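Engineer: I have a structure I would like to understand better, so I am pasting it below and will then ask my questions one at a time.
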Amino acid sequence: MARAFPLERVRNIGIAAHIDAGKTTCTERILFYSGVVHKMGEVHDGAAVTDWMAQERERGITITAAAISTTWNDHRINIIDTPGHVDFTIEVERSMRVLDGVIAVFCAVGGVQPQSETVWRQADRYSVPRMVFVNKMDRTGADFLKVHGQIKNRLKANAIPIQLPIGAEGDLSGIIDLVKNKAFIYKDDLGKDIEETEIPDHMKELAAEWRAKLMECVAETDEELIEVFLETEELSEAQLASGIREGVLNHGLVPLLCGSAFKNKGVQLLLDAVVDYLPAPVDVPPIQGLLPNGKEAVRPSDDNAPFSALAFKVMADPYGKLTFVRMYSGVLEKGSYVLNSTKNEKERISRLIILKADDREEVDALRAGDLGAVLGLKNTTTGDTLCTTDDPIVLETLYIPEPVISVAVEPKTKGDMEKLSKALLSLAEEDPTFRVSTDPETSQTVIAGMGELHLEILVDRMLREFKVEANIGAPQVSYRETIRASSKGEGKFARQTGGKGQYGHVVIEMEPGEPGSGFEFVNKIVGGIVPKEYIKPAESGMRETCESGVIAGYPLIDVKVTMVDGSYHDVDSSEMAFKIAGSMAFKDGVKKCNPVLLEPMMKVEVEIPEDFLGSIIGDLSSRRGQVEGQSIDDGLSKVQSKVPLAEMFGYATQLRSMTQGRGIFSMEFSHYEEVPRNVAEAIISKNQGNS
């Protein structure tokens with residue numbers, strides 16, 4: 001079956017902003033005017049189509065990134081309504097990565113908020129072309145040109161209005177289109193009866209001023225246009241439109257539009273602009289990946305290229321496990337077998353779905369450029385590549401770091417234990433940086449993640465989405481142990497309690513292993529000093545001790561153990577005796593090998609206004625941080641540092657208080673480093689006191 005829309009007429013866009021800028025209402029209106037829904041849903045009524053989880057409808061916020069397809073002016077538009085709550089995990093960035101363009105929604109009253117700065121920088125990181133919709137122009141205090149100034153100054157964007165509001169607050173009656181040089185007056189409350197007319201007399205001077213600025217801004221992005229503009233001081237409507245599109249695609253400019261989604265004004269013009277100015281899949285660089293031989297390759301947006309797609313979200317759903325995919329090349333057909341090249345496992349495609357929020361349209365195939373969902377994938381998780389078995393490729397994927405912080409979690413009522421297990425399993429499937437395990441000593445359930453904020457949000461989701469109330473322990477840092485010297489260790493387990501005794505004797509040589517090697521065991525027993533059947537139990541005893549630690553109860557890493565000697569008894573020796581002897585030898589060896597404690601170091605990047613630079617650097621130093629670099633750009637300071645995770649608890653609150661809410665930071669795991677002796681002694685004595 002041929003594709004319904006040529007690739008040139010496909011738009012994959014995200015609608016992103018800070019909380020309460022009106023993203024979801026904006027998406028609702030887009031769906032209403034494009035005919036996907038026939039009745040408008042209001043977020044505050046709990047009826048919004050994209051807020052399809054019951055918990056979202058209760059709270060009037062968007063928790064998950066809902067993917068919806070619609071059409072406008074004979075174009076397919078796939079929309080992701082992203083959560084406004086931006087935390088520091090990788091989820092939001094992944095959403096950004098599968099988009100080709102973004103509508104950044106700003107509130108006409110609140111303007112640029114700290115959170116909108118975060119969203120903007122994430123779009124910068126993935127070089128996503130964007131346009132701005134200044135929403136809530138009907139609100140008291142709305143000021144379109146003030147928001148334009150904030151975007152230019154605080155976000156350093158070459159933003160230029162392509163529209164102007166006619167009136168504001170309660171008097172918002174229409175919009176001036178500076179490209180067409182026409183006014184659009186809204187005649188009814190539903191926003192369907194729109195009159196295209198001449199610009200009102202009282203707005204002509206302002207419109208002429210901003211149209212001249214628009215022409216100048218557009219001309220500067222293109223050599224041919226600048227020649228025309230210098231000669232005639234005028235650009236035609238077609239030249240303006242093509243210049244704006246070119247400027248958006250090459251990140252040279254950001255068009256500003258305005259309106260009020262809630263009052264049904266400006267949404268159709270916004271849809272026109274999506275079609276006119278945001279990129280199709282063929283307008284952005286082809287996705288890069290690695291072939292099995294390690295060479296780099298690209299996959300062009302083309303139905304005839306080998307199939308490749310990226311799983312960007314996994315969600316539990318009444319219909320089963322939904323895996324959202326972005327199709328980059330080729331065709332994916334229902335019932336086919338594909339390769340998950342990230343895990344090197346085959347998967348069967350049971351059903352293919354295009355989502356229209358709680359409405360689902362089953363399709364026989366997804367094609368290059370599509371956003372859709374797959375049912376039936378058993379082993380695919382967020383960030384995995386799906387491709388053809390004949391032409392495998394692993395698409396650019398994000399490094400998924402190991403968790404560095406853990407907390408014990410238990411349900412408030414014992415009857416909720418099964419619900420808690422299901423909730424944790426479901427959350428872990430969605431987020432690969434979230435891990436669940438059981439502490440072998442206490443039998444407590446332990447959850448681990450990338451930081452305090454990450455775990456707070458997941459625990460909040462357990463309550464909201466799965467109705468499980470949980471008690472959470474204090475955050476624990478995942479320390480590690482290792483050794484710095486070489487030595488011998490010996491363990492002899494001999495017990496006689498009448499009848500058959502127990503006897504095992506193990507001698508080992510211990511030395512530091514290669515970084516990242518974990519636990520390495522070498523058997524050098526010769527001549528049957530210790531029978532073969534006792535070697536494995538001895539190794540098993542060492543491994544278990546290695547996992548539970550020796551000096552402070554943390555896993556021991558990067559150690560090489562060679563079993564060189566030992567003895568046994570024909571009658572009294574057993575596998576259990578050698579397991580215990582192996583553990584004893586390991587502990588003996590570690591104590592002689594200068595054991596040390598390691599702690600996770602975090603790569604911390606702080607962005608603050610220049611005025612706060614001194615106090616922020618001082619605060620990082622007081623947290624045992626090492627400042628590695630700093631830069632100042634237009635009054636915004638960036639500080640790069642490495643700080644122990646143990647010193648970063650509560651930092652988000654502290655940073656907000658030190659910078660009046662204007663500072664933001666990102667934090668990710670860097671490496672393990674030796675803990676200073678005085679700090680290590682305190683940790684060891686505390687843990688030994690608890691054991």
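Along the chain as shown, the residues are counted starting at 1.
Note that Cβ sites are derived from N, Cα and C of the backbone, with glycine treated the same way.
Residues or ranges marked as domain 'tr-type G' in Swiss-Prot: 8-282. Among the features that Swiss-Prot reports, GTP binding site is placed at 17-24, 81-85, 135-138, with the record citing sequence analysis.
Buried or exposed, and what's around them? Tell me for each listed feature.
Structural biologist: In this structure, Ala17 (GTP binding site) belongs to neither helix nor strand by DSSP; it is coil.
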Engineer: So what's the mean pLDDT when you look at the domain 'tr-type G' (8-282)?
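Structural biologist: Mean pLDDT for the domain 'tr-type G' (8-282): 80.
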Engineer: I'd like the Cβ neighbour count for Ala17 (GTP binding site), meaning other Cβ atoms within 10 Å of its Cβ, all protein chains included.
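Structural biologist: Taking all protein chains shown, Ala17 (GTP binding site) has 27 Cβ neighbours within 10 Å.
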